[in-house]
Structures are given as structure tokens and as C-alpha cells.
Amino acid sequence: MRRAVYPGSFDPVTYGHLDIISRSANLVDELVVAVLNNCHKTPLFSVEERVNILLKATEGLPNVRVESFSGLSVDFAKECDARFIVRGLRAITDFDYELQLAQTNRIMNSEVDTLFLTTSLEYAYLSSSTVKEVASYGGDISKFVPPFVVDLIYNKIWANKNR
Ligand code: ADP
């Protein structure tokens, strides 16, 4: 079984992530989308919420599984018995960081390779933080995330403001 792990914060998932998910799912038997539980960041959505959003957004993709993890991606890949870690590259700015990460991972576990997919051009500018920033000013985010995620983001921002 050819299995890959696609780790990230996915706070929340965007059309850019979904593009990488559907394209990499075509390359392997099973893709595990792995939501990082990062105690150093304060996310908009809890890890459980991010997992549920991804479950719904990937409903139509039968060989995609969604899990959460904490710690190192290579350790999680090993736990899942995955040979590949998938990462998306948007611009040269991603490249520096991603190359360093891939090389470090390779030193930690030489049995896991990083597979890079370049972004589809229409999503090259897109990041979860941009989506949150635009939404916080009431901007239109319907081109960036699926409709049900648009509602969840606005509800969450509204709830945070009224806390
Ligand atoms: P992280 O906090 O690990 O960067 P993200 O959720 O921001 O997690 O991203 C996970 C992965 O998806 C990273 O490899 C990132 O480069 C990639 N990615 C994010 N947005 C896009 C996009 N619009 N197009 C292609 N890849 C993307």
C-alpha cells in the first residue's frame, strides 16, 4: 500500500490545500491529511474543529483519511506506515523553509521522502492567514474556501468578538 501523509495546520483548510489534497490523493493508495496540534500557535479553530472541517471538505475523496497529531511529521508518518510526506509549494518564499524541513526530516528518517506539489496558479497567493485577515475585516472569502467554511469562519470571528 502506497501511503502518504499531508501535514499542516489547516486553520482552516482553503481551496489551495484542497487542490493539493485531491492531486496527491491521485498519486497514492491512501492519503492521510494530518492536522497538527501545535501548542505554540493560537489557532482560530480547535484541532477537533479543523479535523471535522477537513472530513466534510474531503467527503468525496474515498482514499483520504483525516487525523490529528502532535509532534514531528516524520514520527507521525512512521506511525502511519507512510513512505511519503506531501507538501505544497506556492512561491519561492515557501521553498527555503520547505527545503530545510524536508532535509531535516530526511536526516531523522531516511525511509520517508517528501513529495512537493506546486500550487495550481489560481491558488498561488492563497493562505489560511490571508483568509482569516480578510474575513476579520468583513471581506468576501467565498473564492478562497468552500461555502460551509465561509459560514464557520464568520461565526467563529463573530463569537470571538462577543466573548
Ligand atoms: P503549515 O503551518 O505547516 O505551513 P499550512 O496549513 O499553512 O501548514 O500548510 C500546509 C501545507 O500546505 C504546506 O506545505 C503549505 O505550503 C501548503 N499550502 C498552503 N496553502 C497552499 C496553496 N494555496 N497552494 C499550495 N500549497 C499550499
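Every residue, even glycine, has its Cβ placed from backbone N, Cα and C.
Reduced to three states, the DSSP call for Lys41 (substrate binding site) is coil. Residues annotated as substrate binding site in TrEMBL: Ser9, Lys41, Ser73, Arg87.
Within 10 Å of the C-beta atom of Leu126 (ATP binding site) sit 19 other C-beta atoms, taking all shown protein chains into account. Under the three-state DSSP scheme, Leu126 (ATP binding site) falls in the coil class. For Ser9, Phe10, His17, Gly88, Leu89, Arg90, Glu98, Tyr123, Ala124, Tyr125, Leu126, Ser127, Ser128, Ser129, the entry in TrEMBL reads ATP binding site.
According to TrEMBL, the feature domain 'Cytidyltransferase-like' maps to 5-133.
Marked as site 'Transition state stabilizer' by TrEMBL: His17. Under the three-state DSSP scheme, His17 (ATP binding site) falls in the helix class. Around His17 (ATP binding site), the C-beta neighbours below 8 angstroms that are at least 6 residues distant in the chain are Gly8, Phe10, Gly88, Ser128.
Highest Cβ count within 10 Å among the binding-site residues Lys41, Arg87: Arg87. Within 10 Å of Ala124 (ATP binding site), counting C-alpha to C-alpha distances, fall none of the binding-site residues Ser9, Lys41, Ser73, Arg87. Neighbour list (Ser73 (substrate binding site), Cβ cut-off 8 Å, at least 6 residues apart, same chain): Val5, Pro7, Ala34, Leu36, Ile85, Asn105.
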